[in-house]
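In what follows, a single structure is set out as structure tokens and then discussed.
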Amino acid sequence: QEEKLWDAMKITACVLGTGLLLFTALVNSGSWYVQNIWDTLGRFWQTTWLKFYYLFEGKEWPVFLLGAALVPSLAFWCFNGILMVADVTGKPTFITRYRIQLGKNDPVDTKKLRQAIYTALCNQFFISLPMLVPMFYVMKWWGNTFSKELPTFHWFLVELSIFTLIEEILFYYTHRLVHLPLLYKHIHKKHHEWTAPIGVVSIYAHPVEHILSNTLPVMTGPMIMGSHIVSIAAWFSLALLTTSISHCGYHLPFLPSPEFHDFHHLKFNQCYGVLGVLDYLHATDTVFRQTKAYERHRVLLSLTPLSESIPEAPRRAE
């Protein structure tokens, strides 16, 4: 018995040792390749940024305007342009089959859509754009925004985490503020004209709300951190795309779930935040957590619409 036990231990040690050596070799090899790719990408972006910087001869205002206004706007309208084609024509079905509120915006009311586009453009040109002027001078005061050296990707991830946290706090409380009866009636009701929202509705809002809830929560993080213009451009673009997804009305594969904010438009008094952390702490998501929408509130990793795999419970007969 002792001899068999000893043989078993030797075999186990041999297997584990071989496995450990192979694992270590793979990790070292993998990390070497990842580091090489990382360094190559870093050099590529650094070179590209310097070419762009010298193209404008280091003039900071045009560089800031392109990074903080033009790039995010292009990202917003290109993404929403695709969604609006689906909203109006019902095609491609690859998009429309993932509609959250079935039967709504099928097709979208073109008169309401034109009004939403007009308001969104006005908010961008007459509110967001002028607000970049004081932001520009704040960023100049920091002195890092137009540096010839790009921030490292690791630092950008740190900034992104801080930006997201600041946005969550400011958006949640300003959003709850405009839900107070007096402010809701005169300000926030405009945004809630869409109980089944579409992407462009993300910035369809009263000017006061656009300043308080849409613009300041996104601008504050970079101003506090003194971020590089490239970080600002990436963050603004990401914020606009994320809020478009939250409002788009489609739970598309491999994209963040829009169920949380779509439920807010449906019920008005639930799900005020972005991440849902403050809603959980303040118990403003209790109704949401009892619904099928909560079960569907996850990244869709297949091509089967969640409205099919997790359907609403059939209504009882009257």
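The backbone N, Cα and C atoms fix where each Cβ goes, glycine too.
Taken from TrEMBL, the feature transmembrane segment covers 12-34 (among others).
Residues or ranges marked as transmembrane segment in TrEMBL: 61-86 (among others).
Feature annotation from TrEMBL assigns transmembrane segment to 116-138 (among others).
Marked as transmembrane segment by TrEMBL: 153-173 (among others).
Summarising the annotation, TrEMBL assigns domain 'Fatty acid hydroxylase' to 162-284.
According to TrEMBL, the feature transmembrane segment maps to 224-245 (among others).
Between the transmembrane segment (224-245) and the transmembrane segment (61-86) there are at least 3 Cβ pairs closer than 8 Å, counting only pairs 6 or more residues apart in sequence, which means the two stretches are in contact.
Across the range of the domain 'Fatty acid hydroxylase' (162-284), the DSSP-based residue counts are 85 helix, 1 strand, 37 coil.
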